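What TrEMBL annotates here:
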- G192, T193, G194, K195, T196, M197, H331: ATP binding site (BINDING)
- 1-17: compositional bias 'Acidic residues' (COMPBIAS)
- 181-320: domain 'AAA+ ATPase' (DOMAIN)
- 1-21: region 'Disordered' (REGION)
Amino acid sequence: MTDTVDDVDMPYDDDASQQDKLESLRERLDILEAQNEEMRDKLLDANAENNKYQQKLERLTHENKKLKQSPLFVATVQEITDNGVVIKQHGNNQEALTEVTAEMREEIEPDSRVAVNNSLSIVKVLDDETDVRARVMQVETKPDVSYEDIGGIDEQMEEVRETVELPLKSPEMFDEVGIDPPSGVLLYGPPGTGKTMLAKAVANQTDATFIKMAGSELVHKFIGEGAKLVRDLFELARQHQPAVIFIDEIDAIASKRTDSKTSGDAEVQRTMMQLLAEMDGFEERGDISIIAATNRFDMLDRAILRPGRFDRLIEVPKPDAEGRELIFEIHTRGMNVADDVDFAALAELADNASGADIKAICTEAGMFAIREDRTEIRTADFENAWEKIQHEEDESDEVSKTFA
Ligand SMILES: Nc1ncnc2c1ncn2[C@@H]1O[C@H](COP(=O)(O)OP(=O)(O)OP(=O)(O)O)[C@@H](O)[C@H]1O
C-alpha cells in the first residue's frame with residue numbers, strides 16, 4: 001500500500017515505469033484478493049465453530065434449566081366448587097382446596113389427573129394413566145438381541161443365563177427340588193458395556209416378554225406415581241409372563257437414604273419399598289425375572305441386596321483387548337471392510353473404549369468412507385473415527401465443565 005502513497009508524491013518519469021507500477025499494483029491486488037478469500041474461509045469456519053458451541057450451550061442451558069425445575073406432584077380432582085377446586089394428592093392422600101384460572105376450570109372435571117406445583121396450584125392436566133404407563137415402560141415381545149451379538153463378557157453372560165434362564169425355562173425343577181429360584185440379578189458397571197443387551201438377549205432366548213423401565217423416569221417425572229408404577233409394572237409382567245423386567249438406573253430409586261426430608265426423598269423411599277414388597281412376594285410373582293442395572297453401585301441402599309432380592313451381583317466391566325476385538329468383529333459383520341483391516345490392532349488402539357464406543361467407531365468409520373465416496377471401509381477410517389469420537393468426548397467434557 002505504501003507504493004501508492006509514494007506514487008502520489010513522485011509523478012512517473014515515463015510510460016514504461018508507469019506500466020511497471022501498474023503491473024506491480026495488479027500483482028499486489030491479486031495477492032490481497034487471495035488473502036481476502038482465505039480470511040473469508042477462516043471467518044466461515046469460525047462462524048461454523050461458533051454455531052456449534054452456541055448449539056451446545058443452548059442444549060446444556062436447557063438441560064440445566066430442566067434439572068433446576070422443581071418437580072411436580074400428581075393429584076386427582078375431587079370436586080369443583082365455587083370456592084375453588086378440591087384435589088387429592090397421590091402418595092400422601094391429603095386433600096387440599098386450590099384456586100384455578102377460568103381456563104383451567106374449563107379443562108378439568110372430577111377425576112381428572114393433574115400435576116400441581118409446590119404451592120398446590122394446578123399446572124397442567126395429565127393424560128390417562130395408561131399413557132403414563134406406556135411412556136415409562138417399554139414392552140418388547142421379542143427383543144432382537146441374541147447372545148452372538150454380545151462380545152467380551154462371556155463369564156457374565158454365563159452367569160446371567162444360569163440365574164435367569166433356568167427358572168424361566170424350567171420353573172418346575174425348583175419346585176421339585178424345593179428351593180426358591182434366584183430372585184433378582186443386578187448388573188453393575190460403566191455405561192455402554194452391554195447390560196441392557198444381556199437382559200434383552202435372555203428375554204429373547206427364553207421367549208419372554210421384555211419390559212424395560214428406567215428408575216429415573218419412575219421418580220423424577222411426577223411425584224406420587226412411583227409406587228403405583230412399580231405395582232403396574234409387575235402387574236403388566238404377570239399379564240405377559242414369562243417376562244423379564246429390566247429396571248435400568250436402579251440407583252435412582254434405591255440409593256442410600258439421605259438425611260434430608262424433602263418430599264422427593266420420601267417419594268423415592270416409597271417407590272423402593274414397593275419394589276422390595278413386589279420382590280419379597282415371590283410366590284405370587286410367577287414366571288418373572290428381574291434384572292436391574294446401575295453405573296453407580298456405590299450409591300445403592302444395601303436393603304435391596306439382601307437375600308431374596310437382588311442377590312446375584314454381576315459386574316459388567318469395560319472389555320479387555322480381546323473383548324474389544326470381538327466387539328469390532330460383531331459390529332462390522334454386515335459392513336464392507338477392506339481385507340487388510342486388523343481388528344486386533346484397532347482393539348489395541350481404542351484401549352479404553354466401551355462396547356458402545358466401538359459400535360460408534362464402526363458407524364463413524366462407515367461415514368468417513370461415504371464422505372470420500374468409497375463403499376469399502378479402510379483402516380484409516382477406523383483410526384479417524386476413533387480420533388473423532390475421543391475428541392467429541394473430550395469436547396463434551398470440556399463444555400460440561402465450562403457450563404457446570
Ligand atoms: N459387550 C458388547 N458387545 C457388543 N456390543 C456392545 C457391547 N456393549 C455395548 N455394545 C453396544 O453398545 C450399545 C449400548 O449398550 P447397552 O445399552 O447394552 O449398554 P449398557 O451397559 O446398558 O449402558 P448404560 O449403562 O448406559 O445403560 C449396544 O446397543 C451395542 O450396540
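Cβ coordinates are placed from backbone N, Cα and C, and glycine is handled just like the others.
On its own chain, G194 (ATP binding site) has I150, G152, I153, V316, G355 as residues at least 6 apart in sequence with a Cβ closer than 8 Å to its own Cβ. Of all Cα pairs drawn from G192, T193, G194, K195, T196, M197, H331, which the record names as binding ATP, the longest spans 17 Å.
Residue counts for the domain 'AAA+ ATPase' (181-320) under DSSP, split into helix (H, G, I), strand (E, B) and coil, are 63 helix, 34 strand, 43 coil.
Listed binding-site residues: T193, T196. The one with the lowest count of other Cβ atoms within 10 Å of its Cβ is T196. Mean pLDDT for the domain 'AAA+ ATPase' (181-320) in the predicted structure: 84. Take the CB of M197 (ATP binding site) and look out to 10 A: across all protein chains shown you find 22 other CB atoms. With respect to Cβ neighbours within 10 Å, the binding-site residues K195, H331 differ, and H331 shows the lowest count. Other Cβ atoms within 10 Å of the Cβ of G192 (ATP binding site), summed over all protein chains shown, number 18.
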